[in-house]
Amino acid sequence: MQDDSIEASTSISQLLRESYLAETRHRGNNERSRAEPSSNPCHFGSPSGAAEGGGGQDDLPDLSAFLSQEELDESVNLARLAINYDPLEKADETQARKRLSPDQMKHSPNLSFEPNFCQDNPRSPTSSKESPQEAKRPQYCSETQSKKVFLNKAADFIEELSSLFKSHSSKRIRPRACKNHKSKLESQNKVMQENSSSFSDLSERRERSSVPIPIPADTRDNEVNHALEQQEAKRREAEQAASEAAGGDTTPGSSPSSLYYEEPLGQPPRFTQKLRSREVPEGTRVQLDCIVVGIPPPQVRWYCEGKELENSPDIHIVQAGNLHSLTIAEAFEEDTGRYSCFASNIYGTDSTSAEIYIEGVSSSDSEGDPNKEEMNRIQKPNEVSSPPTTSAVIPPAVPQAQHLVAQPRVATIQQCQSPTNYLQGLDGKPIIAAPVFTKMLQNLSASEGQLVVFECRVKGAPSPKVEWYREGTLIEDSPDFRILQKKPRSMAEPEEICTLVIAEVFAEDSGCFTCTASNKYGTVSSIAQLHVRGNEDLSNNGSLHSANSTTNLAAIEPQPSPPHSEPPSVEQPPKPKLEGVLVNHNEPRSSSRIGLRVHFNLPEDDKGSEASSEAGVVTTRQTRPDSFQERFNGQATKTPEPSSPVKEPPPVLAKPKLDSTQLQQLHNQVLLEQHQLQNPPPSSPKEFPFSMTVLNSNAPPAVTTSSKQVKAPSSQTFSLARPKYFFPSTNTTAATVAPSSSPVFTLSSTPQTIQRTVSKESLLVSHPSVQTKSPGGLSIQNEPLPPGPTEPTPPPFTFSIPSGNQFQPRCVSPIPVSPTSRIQNPVAFLSSVLPSLPAIPPTNAMGLPRSAPSMPSQGLAKKNTKSPQPVNDDNIRETKNAVIRDLGKKITFSDVRPNQQEYKISSFEQRLMNEIEFRLERTPVDESDDEIQHDEIPTGKCIAPIFDKRLKHFRVTEGSPVTFTCKIVGIPVPKVYWFKDGKQISKRNEHCKMRREGDGTCSLHIESTTSDDDGNYTIMAANPQGRISCSGHLMVQSLPIRSRLTSAGQSHRGRSRVQERDKEPLQERFFRPHFLQAPGDMVAHEGRLCRLDCKVSGLPPPELTWLLNGQPVLPDASHKMLVRETGVHSLLIDPLTQRDAGTYKCIATNKTGQNSFSLELSVVAKEVKKAPVILEKLQNCGVPEGHPVRLECRVIGMPPPVFYWKKDNETIPCTRERISMHQDTTGYACLLIQPAKKSDAGWYTLSAKNEAGIVSCTARLDIYAQWHHQIPPPMSVRPSGSRYGSLTSKGLDIFSAFSSMESTMVYSCSSRSVVESDEL
């Protein structure tokens, strides 16, 4: 850009000189025109300044012709300010302008305006590829438009002047604007013609700091179109102001303030009301509102997941002043996502974002689909089967793989720019967002026709997409296979419960079930086995017999490696990326553990680096074994077309949709990487040929149908038994095989639903070469391995495969990791904590990791004694049946001790334990078993705890020892807590001893079990990234059962599977009662319903007895015992009385024993409510004026009533003078008037009210004059209740017999008053 400006500088200088002459002639050579002011602060109006267009870096003498040395130096300073211009520096620039002398402004006023112009100029660069002739249009030389030309060229001069000094600061600053004038002129014309502008997401990157960041030229063009509109409007104002100024006189002595005007105060956009996240049901109307302010009014754009939204029939964008709204007329699943609103003006940008969740889907559902479709489209041509006898040359498939990865990498960059609301660390990046299983699938065993439920829990941000697979085949939601996914109840508990319900299982449903959760940050899977017991014995050996199907493999026996021994190796290719080691991940059913695949693709790793061993994908078990489509080094290839390891593998997909083989390879890479740390590679490589390669295929594979063994001189052979079966092996040119590695095939027999692991105990030693024979007669062979200098040649071994068409070997070729791999990459980062092969020895007798149950050492010794003997086909056939029987037994039964047996619990028990774990993971804990401390704000990469090995269920007899063992990994090292039946076990507990090893293995040991130890044991691991737990059940049986169990343990090896299966229910029939749920002490109200609920387990189902204070509770009208379908027992008491208070004890009893719990029930007395009742009514009375009078009444009620007094139906306030109200606890109420006046005469009413009701009574008060004596009425009245009534009725004057104070107790009782009061 700078070079273009320099090359065009000469023509600019010439144009400015011509413009200067034309302007001088137009002004009549008036000297005052030099000081002509401009009304637009963004431009300048000096003809001399216009002529100063000297251009290049080497044309400074041209500038000196128009400027003095002092002005030239000042131009340099102002040009530097123009490059580094920042809106926050306006005040400093204003002061700088004031410091210029009037003389300088008179001769060079352009210098005063230069900073103001450059404020907008950096936002107006355009393409520099336009024709240079654009600057020489005739309109710039016209005298009629000389003012406009002068103003435009003067602005260009400042830009040209600034370009002279860019080279001095280019090493520390790359200017974002001030490109050459040719492209700018054309861009301005385009803006005037199109009257449109485009705004990019990259507008967020506009810096307000004094040092701008580099921005590509193509993005700068889009960044400034809006600013050009503002600038064009100012230019039009400048033309009008200039024409007005041309008619007036401007003297050289004008005030400097007249040379420029202050720019209107502006402010960047700011959202006063931000968008709010919402969750709405599908089909409803959604509206997002925000309010943004800014000067000038900002331009607003809407985006959904990084894509700009425009007005359409479905989406309406409305602006009402500062209020901006986005309305979705009808929301559907595809509308779920993150919506952002960006506002920008020439002073800056601002944005706000919100998540829209459509009920029933997650925000991640709208992501990843294009990549998935693209991957499927690329993979479809590769899913082609070849005949068994087809030979093919295997070309590298790197170009295809590179095309596969190109698009996702771009998507990753866009996703990183979009705002997120994930948990962030100190660096502002998400700590971790990959999915994590907080509850994994459990292995299940069921009978035909039963209901089976697989359940797991997963969390991740954004919400992961969950898919279910059976033997690698995707399961769709159907009436037979119901897929349920419960969304998080709140943001505080982001767990999703994923469930697969099989309404009715059959024998063919047996197999491996996988639940895969994925979002844009990674993929994680949980695997479990389902075993369906059919009507026939699935282990019938006769169904597995075959005549002539054998497979021979050369392998290396595990043996201790000398500290300085050099394992055979070869030279590495330039950049080996994806590596693996052949490992058997299938254990016997009795000890199989949950498989876990985790793909940690952390945001800080998405920076354009190549995919390599740093890809961070780890897996612990291979899934989808029947899938023909395989992947090597991240590439999708056909089975007979593996890629060459010489080529560099493509980068990792941004949203990986990994199949089982790729995950298996990456996991094996971690295993071998740690193994190499323990066995360093040699300094001098030597050749180590190993056939069955699919990663290095420079020669065509030798494929033959002969049933004989075929020896190939090279190690480039590759064969297929059937198009579906795939045999990868080690890499010829990139293998570093340590003496402790032991490749083992894992065979899967789908029709019989039994997985068999080929152990070394059943392998027969053969010649030092490798052969692989299949029913089709295809053969794969390896040459003998040359011995190492310090290592004897390991004897290879052979195993036989009956009925080869029913097995599919599942293995991954071991390719070592480069010794120069960075430790910072996720693979090396996880290699120290994830499952690995121990150094010495790496495997047990079965070729499994040492933690798996191994076979008797005697059997291994017997096999080793036969190792020097050659083996032929006859010997293999003779031992075939024995091998099959041994494999079946070792897969089906675990090698357990008589006193500690592992067993399988029912699905009901499993769900109960899941409930306990779910509650514990959300309950505060008291203490941990160790002194591990975690930072409040974690730093670096963090990984939530993961169980590499889970707790098992044990059945022991009283007095026997038992040990619960599991292995936990996580970063940072998790804290560990142990619980029994939901109650935390203290680390000071002497009975239960807790231990923790350095490799993450945790154990709980009970030396001598008692009946109280029976229950559920749970271990919970926690670190700042989350919590995870798993449980194991301990069944403690009484001594009479021990002999039966011992005999069963001694004879179970000689029984068939049918007998073993028939025997299991007999053992499970004796299950001591165990309370899974029990109520605590309760307080209940008398007269209400009281319910005591408990849940108990046991076989046979126990009987419950309730005791109250030691006496049995018998069922009657108010006491009922109920049992619900869920197994909850309830004692109902309705209504509750005081007699029901006391200590309750519930006893559960069955054949094996009993269990009980107690609680205290307190009964709160029932509150008595009674409506008010008048015991003594108000009495009519009359008193002389001036005397006191008392109106009395007595009312009772429960609770005590509240009294209200009224006179002539108007409430009497308590503050009225001469009137006071009194009452006591006995219900006595009194209204005292002292002294009485004429105005007090009238009808008085007393109302008594409580919660139960209200009652009232009324009486008449008469006031007489002092001389008046009451005359008895002529008519007879009934006797009054007053003690003075009889005297009054006889005409006696009571007032004459008592003092004035005593007269207040007198009640007048005329017949009229009494009768009327009674009626009221």
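Placement of Cβ uses the backbone N, Cα and C atoms for every residue, glycine included.
Just so it is clear, the model here is predicted, and its values are computed rather than measured.
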Looking at 219-248, 459-488, 999-1028, which one does Swiss-Prot call coiled coil?
219-248
Among SER13, SER741, SER907, residue that the record in Swiss-Prot marks as phosphoserine:
SER907
Please work out, from what Swiss-Prot records, which of CYS416, CYS512, CYS515 forms the disulfide with CYS456.
CYS515
Disulfide-bonded cysteine for CYS290 as listed in Swiss-Prot, from CYS304, CYS341:
CYS341
Look up SER142, SER591, SER660, SER928 in Swiss-Prot and give me whichever carries the note phosphoserine.
SER928
Average pLDDT across the region 'Interaction with ACTN' (945-1320), rounded to a whole number:
80
Candidate nearest CYS515 (disulfide bond) in space, where candidates are the disulfide-bonded residues CYS290, CYS341, CYS1094, CYS1146 and distance is Cα-Cα:
CYS1094
I need the CA-to-CA distance for CYS1146 (disulfide bond) versus CYS456 (disulfide bond), whole Å please.
34
I'd like the number of other C-beta atoms within 10 A of the C-beta of CYS290 (disulfide bond), please.
22
Note down the number of other Cβ atoms within 10 Å of the Cβ of CYS515 (disulfide bond), including every protein chain shown.
25
To see if you understand the setup: which same-chain residues, six or more apart in sequence, place their Cβ under 8 Å from that of CYS341 (disulfide bond)?
PHE271, LEU275, LEU288, CYS290, VAL292, VAL300, ARG301, TRP302, TYR303, HIS324, LEU326, SER351, THR352, SER353
Return only the integer: C-alpha distance in Å from CYS456 (disulfide bond) to CYS1094 (disulfide bond).
26
